Every structure is written in structure tokens, then in C-alpha cells.
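Novice: Annotated ATP binding site per Swiss-Prot: D6, V7, G8, N9, T10, N11, T12, V13, T142, in sequence order, evidence recorded as sequence analysis. Residues or ranges marked as substrate binding site by Swiss-Prot: Y110, G117, A118, D119, R120, T194. The active site, proton acceptor annotation in Swiss-Prot covers D119, and the record cites sequence analysis as its basis. Annotation source Swiss-Prot lists K(+) binding site at D139, citing sequence analysis.
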Amino acid sequence: MLLVLDVGNTNTVLGVFEATPAENGSYTYGRLIAHWRVGTIRTQTVDEYGVLFRNLFAMGNVDFKVIHGIIISSVVPPMDTTLRSVCERYFALKPLFVEPGVKTGMPVHYDNPSEVGADRIVNSVAAFEKYGGPCISVDFGTATTFDVVSAKGEYLGGVIAPGIGISAEALFQRTARLPRVDIKRPTKVMGTNTVNSMQSGFYWGYLGLVDGILERLVEEMGGNVKIVATGGLSPLIGAGSKYIKDVDDLLTLDGLRIIWERNQSNTRKREHGK
């Protein structure tokens with residue numbers, strides 16, 4: 001089986017894909033049999049992460065011994081060494097990190113391709129593979145990212161905006177009397193108390209940001225663009241958007257699986273020390 005990890009600034013998502021042996025020592029991959037979302041804790045040790053992984057696998061009835069490959073997308077460089085050690089100590093495997101030099105099958109037309117976060121490339125690969133192009137993937141994470149792929153499968157660029165959670169926390173931290181509130185969709189725009197008014201500002205204001213950016217990106221692309229959203233708040237925001245037609249909670253995990261498949265020959269060489 002294949003273990004995939006998407007390490008974000010706030011959360012880390014793990015998934016396990018079933019695998020069937022194929023010719024030449026490779027595998028074909030099927031459904032996602034288990035996945036989990038945990039907090040990203042930069043101070044945890046290798047053994048603490050090992051215990052966490054064992055507990056998650058036990059909950060999902062997945063055996064450590066059946067994992068034959070690991071691929072990681074990380075936007076938290078200080079954790080990379082720790083995660084590499086976890087993989088080697090607890091799985092006896094060297095993980096494949098999505099980084100320059102890894103085959104993605106997607107040309108990157110960016111001023112400096114190394115600046116593009118691994119998660120953005122992974123999302124773009126999955127969006128194009130699953131939905132076709134041209135397409136835009138929107139990921140609602142700590143930051144909200146919009147990534148554009150051409151009809152030919154080329155990464156063209158995108159937009160990075162503060163996430164809705166950051167915006168809400170900033171308002172709480174910088175004001176004396178406004179409370180923390182849950183992010184939810186109000187029944188109407190006009191609030192009749194402080195909490196409702198804040199929730200309306202967060203939801204409808206952020207929805208305006210999202211749809212405003214998408215409107216302009218679609219216009220720049222000449223229209224007829226597929227748009228897919230992912231990330232923790234994608235169902236909430238996607239439900240109110242005029243432009244988001246598909247919400248795919250597993251987009252990033254599928255992207256990691258696809259990139260792993262495109263690097264199987266390289267990973268076999270690495271595992272055998274060649």
C-alpha cells in the first residue's frame with residue numbers, strides 16, 4: 001500500500017491507497033482505504049510522530065508492514081528531516097518528497113519554478129488529471145491558493161490570499177471586544193448581534209474575495225474553465241460560490257498518488273540503492 005502525506009502549516013493529512021502488484025515490480029493503485037487529518041506540530045519528535053502514526057493505523061485497521069512506498073508534500077521545511085526519520089525508523093522506507101527534480105508531468109511556467117509550493121503543484125496535477133483543462137484549483141488552507149493550468153496541462157501561475165481562519169484570528173487579536181467565532185454560513189447577510197455580524201463579514205466577505213478572484217482569472221483565461229475546490233472549508237465556501245462547481249476533499253491526496261505513479265521507476269532505484 002502507498003502512504004501519502006500532505007503537510008500544511010496548520011494541518012497534516014495522511015492517506016493510504018490500496019495497491020496491486022503489476023509487471024516489472026511496479027504497482028497499480030486503487031481506492032483510498034483510510035485517511036486522517038491531524039494538527040501540524042513542529043516540535044514533535046520522531047518517536048512522538050511514530051506513536052501517532054501507529055495509533056492512526058490501528059484505528060484504520062492498517063498494518064505498518066503493508067506500506068511499500070511513501071510520498072510527502074510539505075510546505076513546512078523544518079519538519080522534513082523529522083518526517084524523513086519517521087519513515088526510515090518506523091517503515092524502513094525512504095520517502096519521496098515532492099520537490100524540484102521529481103517527475104510531475106506538468107511544465108511549470110513561473111518566473112522561478114522553485115518558488116511554487118509543493119501542495120500547489122500537487123493540486124494542479126490532480127485537478128488536470130481528474131477534471132481536464134483549462135482548470136483552476138482552489139485550496140482553502142492556512143492561505144487560500146488559486147492555481148491555474150492550461151488546456152495543455154501547463155502550470156501557468158495563480159493567486160495567494162490570506163486564509164479565512166487567519167483573517168478571523170487577526171480580527172480577534174487586534175480588537176478589544178470582539179470574540180472568536182466559528183466560521184459558518186449565516187442565514188442572511190445582515191446580522192442582529194455581534195456574533196452574527198462577524199460571521200456574516202467572514203463568510204460573505206470571503207466569498208466575495210473568492211468569487212472576485214475567480215471571475216478575473218476566468219476572464220484572463222478566456223472563459224470555459226473548470227474550477228475545483230479542496231481544503232477544510234471548501235464545502236462551506238463552495239456551497240455559496242457562483243464559480244466553484246466541484247468540491248474534492250481528496251484532491252491533494254490523489255495528486256500525491258498520481259505523482260508517485262509517475263516516479264515509480266525512480267523510487268525503485270532509490271529503494272535498491274542504485
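Every residue gets a Cβ built from N, Cα and C, even glycine.
Could you place these features in context, so I can see how deep they sit and what lies close by?
Specialist: Within the same chain, residues at least 6 positions away in sequence whose Cβ sits under 8 Å from that of D6 (ATP binding site) are T12, V13, L14, S73, D119, V122, T252, L253, L256.
Long-range Cβ neighbours of Y110 (substrate binding site) (same chain, at least 6 residues apart, Cβ-Cβ under 8 Å): V116, Y155, G157. DSSP assigns Y110 (substrate binding site) to coil in the three-state reduction, outside any helix or strand.
D119 (substrate binding site) is surrounded by 26 other CB atoms, counting those within 10 A of its CB over all protein chains shown.
DSSP assigns D139 (K(+) binding site) to a strand segment in the three-state reduction.
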Novice: Give me the largest Cα to Cα distance among Y110, G117, A118, D119, R120, T194, the residues the record lists as binding substrate, in Å as a whole number.
Specialist: 43
Novice: Among G8, T10, A118, R120, T194, these being the binding-site residues, pick the one whose CA is nearest to that of D139 (K(+) binding site).
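Specialist: When the Cα distances are compared, R120 comes out closest.
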Novice: With every protein chain in view, how many other Cβ atoms are within 10 Å of the Cβ of T10 (ATP binding site)?
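Specialist: The answer is 14 other Cβ atoms.
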Novice: For the recorded ATP site formed by D6, V7, G8, N9, T10, N11, T12, V13, T142, name the remaining residues of the chain with Cβ within 8 Å of the site's Cβ center, in chain order.
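Specialist: Here the nearby residues are T40, V75, V76, G141.
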Novice: Going by C-alpha positions, which of the binding-site residues (G8, T10, T142) is nearest G117 (substrate binding site)?
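Specialist: Given the candidates G8, T10, T142, the nearest one is G8.
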